[in-house]
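Here's the structure we're looking at; comments come further down.
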């Protein structure tokens, strides 16, 4: 009983990362998994000290993996973005929710002759095409309007077997109707959400509606729940495990969101570190309604550079 | 115990309306409340026999009230629509969710110097203006796009004290961000939903995403729940009671939706009649997951014309 109580207390209380904790994490963890928005960058601006921190971890022989819920880019486009902010990352190290959507269809043997309707941006289309599927919709439908005349009929492709919904800056009534009709009328049509983040740092200075906004809109009209492939779903973890052959207890998930990053880490059995450089404030963590408590918390990623014997 | 059982059985089982039931309803009910879409018309087409039925009920001295969740029109615009399909209805007999939104602000003494941001169509703007409020947004923001450049900042009016969300065919990312910022950043800002209908018959031949789609989108990004003023909320019933001075037990709500019309009737203590001329099929009623059972069900409104001594 005493042990249970102490475990529960430990789970409820996150520890502020000390140089000693960092040393102990580095000694016991073989791979670091990073969220991007709010951890690596904000909008298009690299967060201070990130480049040095990643170099340091690589120099220690740690595997680095970037697990992002942002579906607007493909893995190729992400590698380009990393390059543009001065960080060298290979496509293989990137696990985006756009890639996750394509992989979900692949591992579930989605028929190649069926089509996939996309409410979302270019990244999803590119990953679907790379995986051999035929996407419809996406940015192309951003300027379409529905004919609302009395006897008009909104046609949709009966061959659409899945609707993928992610963050979409060009969301409109046409796409909402198209996706809804596919889900409601095409037998067995899948409804896949890249993720359900409420907001995202699309620009440097403020937050914007996230994929959770567009996904909720489709839930609201279809009254169905989606299959979520991004964080906190552990769908991507199977790929990570196969690729790196490292047990999850030797991985540490670093993120700025409790309900996606930290929950994903905990759901997968990883160590967890919350950084306050993104959407979560320390007061959110202490909110009595909050149920998600990371193992460690710290201001920003570069705090990892402060080791007991390393005076920066 | 036997009485409780019999009441519970009665509640679970809806009766198919017979001429005898109609006679008994007419004998005991003083006011008939009608939903419009799916009961009176579908899209722009009047449903067969409706005009004769309304004339018949008026000739019997019954009060007629039209309670619609469709927020795209004001009461004035609704009266015009009734006129255009050949039915004479006064504005006073119409209770739309656009009117409900304005009345909610009025009875809650919403300060006149504050503004109201609208994700929705013309009807909401007109009702807000008639009630003396200052609306922003609506159709005017349908063509606006957000500047997503790195250092751009999306400004919103700090003087917005309420966001009203209804069905919006011109929904876009700009409006979603505007409404979200008001709700998240303006202290005490109200989030009002005209209704949460999943779908609506915007055209004659098919259903379209309803206000429930846009409302869910805002819930998804703000992570807040709205105040709902349309059906099944009983907010409008206070107005009806004050105006007509008829107890709800002497009212019959006629609708095509279980989760709005019939639930509204039951929540208010009215008799209830479900018609199958709209979105609900008999199989929906019989679905084991369905918890909402009207007192009576019938194919279409004009079935009321079939009385024991009335051979049409």
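Note that Cβ sites are derived from N, Cα and C of the backbone, with glycine treated the same way.
Automated prediction, rather than curation, is the source of TrEMBL annotations.
All chains included, 25 other C-beta atoms sit within 10 angstroms of the C-beta of residue B:35 (active site, nucleophile). The active site, nucleophile annotation in TrEMBL covers B:35.
When secondary structure is read from DSSP and collapsed to three states, residue B:37 (active site, proton donor) falls in the strand class. The Cβ of residue B:37 (active site, proton donor) lies under 8 Å from the Cβ of B:68, B:70, B:200, B:201, B:256, B:278, each of which sits 6+ residues away along the same chain. The annotation active site, proton donor is assigned in TrEMBL to B:37.
Under the three-state DSSP scheme, residue B:256 (Mg(2+) binding site) falls in the coil class. The feature Mg(2+) binding site is assigned by TrEMBL to B:35, B:37, B:256.
With a 10 A radius on its CB, residue B:231 (substrate binding site) counts 32 other CB atoms from all the protein chains. Sequence annotations record features per position, and here TrEMBL assigns substrate binding site to B:231.
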8 Å Cβ shell about B:35, B:37, B:256 centroid, Mg(2+) site members excluded: B:36, B:38, B:39, B:40, B:68, B:201, B:255, B:257, B:261, B:275, B:278, B:279
Cα distance (Å, whole number) from residue B:231 (substrate binding site) to residue B:35 (active site, nucleophile): 10
Surrounding CB atoms that lie within 10 Å of the CB of residue B:256 (Mg(2+) binding site), all protein chains: 26
Three-state secondary structure, residue B:231 (substrate binding site) (per DSSP): coil
